[in-house]
Amino acid sequence: MHRLEMLLKIHFALLALLGGLVLGLNEQSGGLPAVAVISALGGFVLVDWLKLFALPPFIGYIAMGGIAIYCIGSFIPLSPTSNRQLLAVAELLVLVQAVLLVQAKSRRTFEQIGIFCLLEIVVAAVFNDALTFAILLVPIAILGMSAAVLLQAYSLASPQDTPFLGTSLVLGKKNKQAADWGSCHSPSSIRNWARTGVRMPRPIIATLGPAISIIGLVFFYTIPRTTENEGMALGSTPQVGFSDSVSLEQVGQLQTNRSIVMRVGLTNAEDGQPYHLLGPLYLRGRIVNMYDFGGRSGRWTSSPVPLLLANRRLPREYWPNRRTDDLFFDRVNVQIHQQPQSTSAAFSIPPYYAIDSAKQVRHTVGRWLLDRANFELESSRSRITYRFGTHAYRKGQSSRILRAYAPGEEETIVKRPKFQREQWLLRTDLQIDPNRVPSVVQAADDHVATLPESKRNPFDIATSLSNYISHGAGLRYTLDLTMPHDQQVDPIEEFFVRNKAGHCQYFASTLALMLRHQGIPSRLVIGYKTNEFNPYASHYVVRQSHAHVWVEALIDDSDIPETELTFGQPASGPAWIRLDPTPGNEMTPQGRLTHAANFFSGVYENWIMDMDGNRQKELGLGDGGEEESNPMMLTFRGIIFRIQRFASGNLHGGALAAGKWFSIPAAIGGIAITIGLLLIIRLRFPSWFHWRRRSLSKANETARAQLPFYAETVQQLARLGLQREGTMTPQELVRRTDQQIDREKENLLPPLQFLTDLYYAIRFGKQNPSAAQSDTVRDSLQQIERSIDNLTNQSNSDLQS
């Protein structure tokens, strides 16, 4: 009993510990797991093991009341957009559970701890969608089942508790005063009982197993996941996204965060195979083109976009007039699984185009930006998956030239008078105050003056200045910006002249201002740059630490060298050239364990947490989303359609009948299924049945005594229907005989007990086997035979009368 109670204490201490951990391991809820771990370990060691103290129940109730008052205070004021209320519930559960853990344990205490652990799982399931939640759920389930079994045994073994099963385990047919427990003294019988107790009949397993699995899957795929608070752990906030305004410090803060932002899959549109890049992957998020020269933060903002240019469908794919141009660009399909963010920004690889309905994202003309559709109607914390095609690559190499407009946009929108380039583009993309950054503009002039006359065109000036900032200006890359700052000096000027150290936004801002001073329109692009490829899932992993800023300079079509390929895009028009002046900083390669963890995390998010109403429609027969173009989904829906046709009795025109009233494939399939069922019924089941009979007969053979005198005793008892089964010991056979017979007990039981004791003495003791040849043994056998004859004759007389 003591060992059982200690096992229960260990189980429930571990359950309490894991229940607290599952609530979340983030900054805002980090105190809760700490309280759960300390209370679980401290309660077990100090209270259950060493028994140094135990909190009296009266004080425990007072403590619980105080905890409830403290946690209720967090509900005021009520806020539908805050997680404070649910975090207060989590605090209530963990703190009350901590009080229970420092009390003396009883059956009721164990049950209360288990209930609080279940409630913690429910609260954590609302918010914590990380893979760690699913991983922790496995040991909790195993420990929970084990603890439930131990608690049942503990309850039945406790003398003050009434057994849950009542008298359903009473042995015997007539003796109602028999104990609720059976007992045996043979080690082999104990092992047989243990195996029998956990063995479930095969037909029940074959029936319940598939039934439970089907019911679970049906409930899983018909109950939508929550989307309001999706994608965040308890008490945490959604990941910071890119907005239309960014300061110089903001990007540097993102680059210290290793959390995953999105997973990007690239596939060749021609063969569907994964597409591998030879360089880093650039993902475009936001464009900022207005620098705050009057402030001290170095803030960049985005100029307003005319309503006519925003919230448009993705452009169509560009098809060149000459078919040979297809040899100079690759058609790549992109699928992005984007984590929750606090802004509407989606990410792209221009020049992109629509490959399906793409209802999740919208396009902005002239900026090649994607935004989430109807973002103001959605929660900012939900994940999103979207697809598009791109012509940005050729043989794994990324093109740095991007036409300003997609096919058809320049002709239908931009050429209208009020959208002329000089009026709405140059007004912001050429803005500069040379007095605020005198050293920057002077260095640009000095560098351009060193270029030969043939290189003083916008394209060569832009690329030369980019190389100068990256390698020739004495600047270095760092995320440590703790150096002193002069509030009277512009941050870009201070970076270029005094500190000479900063992150990518400083480098890009310096280049953009230099280009503007040279009359070249320029803007900053905020996004991500990564080369972290997961070989298990064949996708690129994008983290917050991959946040990056680069420059785009607008070049007229006449200034673009012929060596710069622009295939896969319109043949004419202004173009943006991508310039990345930040010195290369080596990204730390990820190990196989990290890749495997990222892969399983993606599978968990895609097929478990994101199974909302829209995904369920896409997997069923609902209105299509992006998966309508998925060949697997089309095949699945075709099978469902044919099943529906077949169920309605229509085998004509496209179902199994293949356009005829009689279906040869259906007839052959039916005959094959029938023959298969007959073979299973006639061959497999009887063979299994015979195997079962053989196994039972073997078990009975093992029950037969190896001593002749006891074998004869068992045969005599069989005349009364008292069969000795494989798990029955000789002493148990004596007790069963005593319970089953009403007459001749005084003549039958003494010799039976004598022979049983002799059997034990010879088999397990030191008695000489020759004792089985004594006259006493023969007399005992004869007395048993006479008693059984009398019982048989009396039974026959009762039947005749």
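Note that Cβ sites are derived from N, Cα and C of the backbone, with glycine treated the same way.
Note: TrEMBL annotation is automatic and uncurated.
The annotation domain 'Transglutaminase-like' is assigned in TrEMBL to 496-583.
Residues or ranges marked as transmembrane segment in TrEMBL: 7-25 (among others). Beyond the ends of the transmembrane segment (7-25), by six or more residues, the same chain brings 32-33, 35-37, 39-41, 43-44, 48-49, 90, 93-94, 97, 101, 105, 110, 113-114, 116-117, 120-121, 123-124, 127-128, 132-133, 136-137, 139-140, 143-144, 146-147, 150-151, 154, 233-236 to within a C-beta distance below 8 angstroms of the stretch.
Among the features that TrEMBL reports, transmembrane segment is placed at 31-51 (among others). Away from its own ends, the transmembrane segment (31-51) comes close to residues 6, 9-10, 13-14, 16-17, 19-21, 23-25, 90-91, 94-95, 97-98, 101-105, 234 of its chain (Cβ-Cβ under 8 Å, at least six residues beyond either end).
Among the features that TrEMBL reports, transmembrane segment is placed at 58-79 (among others).
As annotated by TrEMBL, transmembrane segment applies to 85-102 (among others).
Feature annotation from TrEMBL assigns transmembrane segment to 109-127 (among others).
Among residues of the same chain six or more beyond the transmembrane segment (133-154), those with a C-beta under 8 A of the stretch's C-beta atoms are 4-5, 7-8, 11-12, 14-15, 18-19, 21-22, 107, 110-111, 114, 117, 121, 124-125, 164, 604, 608. The feature transmembrane segment is assigned by TrEMBL to 133-154 (among others).
Residues or ranges marked as transmembrane segment in TrEMBL: 204-223 (among others).
Residues or ranges marked as transmembrane segment by TrEMBL: 661-685 (among others).
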For the domain 'Transglutaminase-like' (496-583), the number of residues DSSP places in helix, strand and coil: 24 helix, 32 strand, 32 coil
Across the domain 'Transglutaminase-like' (496-583) the predicted model averages a pLDDT of 90
